[in-house]
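K.L.:
Dropping a structure here in structure tokens format, bear with me for questions.
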Amino acid sequence: MWYSKEYDPIQAGSIDGNGDVPHDNAIKRAMNMHYKPPQHLKTDANCTLFIGRLSFDTVESTLQDYFSRFGDIVNVSIIRNNVTGLSEGYGFVTFRSESDTRQAYRQANRARIDDHTILVDYERSRLMKHWVPRRLGGGYGGRKESGQLRFGGRDRPFREAGNVPSDYKRSDHWKYPYRHRAKDRSRDQ
């Protein structure tokens, strides 16, 4: 697997992974958290995938049906609110073998289940030292509108650091020159 073996909240908050100052309160909170991964789980963390962006109506049997095409499944769980019992919009699928897990990781990301485009990534909580989940200010992904965007995961990998010429540095009214826009972005403008 390709992921980092250790989680750093400040690094996850930086687009190129080189940050050294927390830029939002959630990162500060994550730096002070000590998360204990679930000890009661009997499944193999190396064979477990995180499935995000699920419809709140998606049930375990739907995930079982979809992911069984990639291999033998040991366990499927959708995380639910302790009080209401309603889905939190994410879950986990555990395969019997690491090769089946890798195949599902490669092929199932961005699949559509119950009219939602899902995110498939490796489980992090039991594999990454110092992991802090999203609810405690850490994690990966997120939305820029929330002000708590995190990088380093599959959804938003780190970008290569580079020197930015001074005439390309952003101001509040900055726009990237048309000739430098990526082709797929220029069509949206």
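Backbone N, Cα and C define each Cβ position, glycine as well.
All TrEMBL annotations are machine predictions without curation.
The compositional bias 'Basic and acidic residues' annotation in TrEMBL covers 143-159. TrEMBL lists 176-189 with the feature compositional bias 'Basic residues'. The feature domain 'RRM' is assigned by TrEMBL to 47-125. According to TrEMBL, the feature region 'Disordered' maps to 143-189.
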K.L.:
What is the average pLDDT across the domain 'RRM' (47-125)?
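P.N.:
Averaged over the domain 'RRM' (47-125), the predicted model reaches a pLDDT of 96.
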K.L.:
Just give the helix, strand and coil counts over the domain 'RRM' (47-125), going by DSSP.
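P.N.:
Secondary-structure composition of the domain 'RRM' (47-125): 23 helix, 30 strand, 26 coil.
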